[in-house]
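K.L.:
Pulled from Swiss-Prot, these are the listed features:
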DOMAIN    6-247  domain 'ABC transporter 1'
BINDING   G40, P41, S42, G43, S44, G45, K46, S47  ATP 1 binding site
DOMAIN    303-536  domain 'ABC transporter 2'
BINDING   G337, Q338, N339, G340, A341, G342, K343, T344  ATP 2 binding site
Amino acid sequence: MTEPIIEFKDFSFKYNSQAEPTLKNINLKINKGEKILLAGPSGSGKSTIGRCLNGLIPNIDQGEVKGKCLVNGKDITSTSLFDFSFTTSTILQDADSQFIGLTVGEDIAFALENDCQPKDKMHQTVNQWANELKIKELLTQSPQSLSGGQKQIVALAGVLVDESPILLFDEPLANLDPASGLKTMAIIDKIQKELNATVIIIEHRVEEVLSQLIDRIILVNEGTIVADQPTNQLLHSNTLEKIGVREPLYLKALTAADVNLSSIKEVDQISTLPVSEKISDKLAAWTKQAKITKKEVDNLPLLKLDHVGHQYSKNQPYPLKDVSTTINQGDFISIVGQNGAGKTTLCRTICGFISNEGKITLKDQNLSDLSIKERAEKIGYVMQDPNQMISQKMIFDEIALGLRLRNVDEETIKQKVDQTLKICGLYPFRHWPISALSFGQKKRVTIAAILVLEPEIIILDEPTAGQDWKTYTEIMSFLKHLNTMGKTIIIITHDMHLMLEYTSRSLAFAKGKLIADTTPIELLTNQALIKEASLKRTSLYDLAKHYNLPDPNKFVQAYINFEQQNWKDEDYE
């Protein structure tokens with residue numbers, strides 16, 4: 001019998017800063033060469049399991065260990081971080097925290113330098129992975145100057161050059177555009193096969209991970225393993241959404257159309273679904289009876305961009321250039337496109353964080369006449385990296401800070417902060433220190449700190465990246481509620497389903513230029529725009545094509561309307 005490369009035996013772990021154990025009586029075996037998806041809600045213990053696999057527990061994170069955890073045959077309690085470095089390579093959720101080199105090229109080469117590789121061999125390997133990941137043009141740039149998605153790709157390259165027997169990916173898709181996400185999964189799959197490496201992927205985006213075959217899905221909830229099954233077996237259950245993890249969209253659509261999934265053997269990919277006239281007829285009938293409604297909009301101009309641009313440096317490959325559009329009162333807009341296309345740069349110019357070419361006006365007032373503070377009273381901005389926004393030690397104080405700076409009375413502050421904490425799923429942690437939170441939980445705190453101020457326009461940079469399905473739904477439902485009240489919401493996102501379900505208008509960017517201003521459905525059914533902006537077709541569209549439905553666009557719209565009609569009418573008053 002093959003010895004497992006990873007084994008947990010009655011393993012529990014309690015951080016010194018916590019009263020209760022984060023992991024409780026874990027029993028798990030992972031064999032050499034397996035590719036595993038580790039999923040679960042935020043705070044479930046997924047990342048803690050990962051920190052056991054790379055030696056951060058117990059070498060860095062101190063706490064109480066019970067039972068055993070063996071990695072490559074060695075007990076983690078008696079293995080140094082140095083020894084772990086030869087066994088487990090990790091891509092962290094926060095890419096900034098693992099950069100070493102002054103340039104992208106130096107950072108990718110760091111592991112090779114430590115392995116004393118010859119200089120010509122290092123250049124060859126770095127160029128190989130830079131070409132594979134399409135980051136050759138970034139090799140001379142500083143990692144800190146890159147967009148969030150570009151940083152994640154560079155971190156991926158830095159891990160892949162080392163060819164360790166265990167590859168641990170903590171939310172590898174969180175900041176990647178859809179096309180890059182699919183490319184990343186294909187690369188991980190290729191490397192795993194070539195090296196027979198053991199791959200563990202910690203990720204909320206289950207559907208994207210399943211674009212490549214996965215051996216097993218392990219679900220963690222409240223510190224325990226609630227499922228450990230082959231992919232198809234797990235997808236036939238309802239365990240994913242029961243614990244707050246989003247199920248693949250095409251499976252939800254099949255279920256909505258009353259298709260019996262238990263009669264289908266392989267459901268992990270659309271291409272493996274049986275082409276059946278019975279299923280096609282059910283989907284077509286469901287589409288035909290669907291009620292499709294369109295929201296009437298008054299289109300009152302609010303924010304106008306006139307030939308707006310910005311260039312960080314002369315060496316920047318694709319500076320933001322000549323963007324002209326009008327944002328209307330009550331719009332719910334998604335800004336999408338390839339990593340480094342200028343999405344975040346545009347929003348920073350709107351907020352006044354960086355200078356801009358051209359003219360930006362809000363209700364006919366030139367924003368260049370306002371200070372950043374004055375702009376902030378009208379335009380709220382939630383950054384992609386929560387660590388760049390947080391300034392207080394306690395969660396409640398961080399969310400209350402903006403209200404206190406505006407001299408709001410403490411009774412009103414408590415009422416507003418408590419309401420926002422509940423909406424963002426943070427109320428149980430209201431007395432916690434920020435330092436005890438996961439990266440995803442910190443992100444929720446920064447969103448709450450802006451939402452509580454109720455500005456006219458709210459701009460959110462990847463608000464749902466790294467969030468579980470329950471939190472995703474709570475945040476987006478709240479934003480939708482604000483939008484129905486007349487708030488204008490702008491979201492930078494790589495989530496195509498978010499764009500379809502929640503936003504009514506999409507701005508697509510590629511290489512610093514605005515290439516499309518249209519509806520989400522029209523954008524995601526235009527193959528030329530999909531390719532140029534590094535997007536991907538929704539699995540709803542692919543499902544409709546797989547079953548030869550006469551109007552795939554109508555099927556997509558029918559399902560989006562179906563989900564919207566099933567939203568709960570939450571009381572936010």
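Every residue gets a Cβ built from N, Cα and C, even glycine.
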K.L.:
Within 8 Å of the Cβ centroid of the ATP 1 site residues G40, P41, S42, G43, S44, G45, K46, S47, which other residues of the same chain have their Cβ?
P.N.:
T48, V220, N221, S438, D468
K.L.:
Taking the Cβ of Q338 (ATP 2 binding site) as the centre, how many other Cβ atoms fall within a 10 Å radius?
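P.N.:
Excluding its own Cβ, Q338 (ATP 2 binding site) sees 26 Cβ atoms within 10 Å.
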K.L.:
Given the model, what does the mean pLDDT over the domain 'ABC transporter 1' (6-247) come out as?
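P.N.:
Within the domain 'ABC transporter 1' (6-247), the model's average pLDDT equals 91.
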K.L.:
Indicate the candidate from P41, G342 with the smallest number of other Cβ atoms within 10 Å of its Cβ, considering only these binding-site residues.
P.N.:
P41
K.L.:
How many Å lie between the Cα of K343 (ATP 2 binding site) and the Cα of K46 (ATP 1 binding site)?
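P.N.:
The separation of the Cα atoms works out to 31 Å.
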K.L.:
Given the binding-site residues Q338, G340, A341, tell me which ones have a C-alpha lying within 10 Å of the C-alpha of G43 (ATP 1 binding site).
P.N.:
none
K.L.:
Please list residues from the chain of G337 (ATP 2 binding site) whose Cβ is under 8 angstroms from its Cβ, counting only those at least six apart in sequence.
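P.N.:
In sequence order, D177, K343, A508, F509, A510, I515, A533, S534, L535 meet the Cβ cut-off.
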K.L.:
Going by C-alpha positions, which of the binding-site residues (Q338, A341, G342) is nearest K46 (ATP 1 binding site)?
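P.N.:
With Cα distances computed to K46 (ATP 1 binding site), the winner among Q338, A341, G342 is Q338.
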K.L.:
Where does K343 (ATP 2 binding site) sit in DSSP terms: helix, strand, or coil?
P.N.:
helix
K.L.:
According to DSSP, which of helix, strand or coil covers G337 (ATP 2 binding site)?
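P.N.:
Going by the DSSP assignment, G337 (ATP 2 binding site) falls within a strand, counted as strand.
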K.L.:
For S47 (ATP 1 binding site), identify the closest of the binding-site residues Q338, N339, G340, G342, T344, judging by Cα separation.
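P.N.:
So, of the listed binding-site residues, the one sitting closest to S47 (ATP 1 binding site) is N339.
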K.L.:
Taking DSSP as the reference, which of helix, strand or coil describes K46 (ATP 1 binding site)?
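P.N.:
DSSP call for K46 (ATP 1 binding site): helix.
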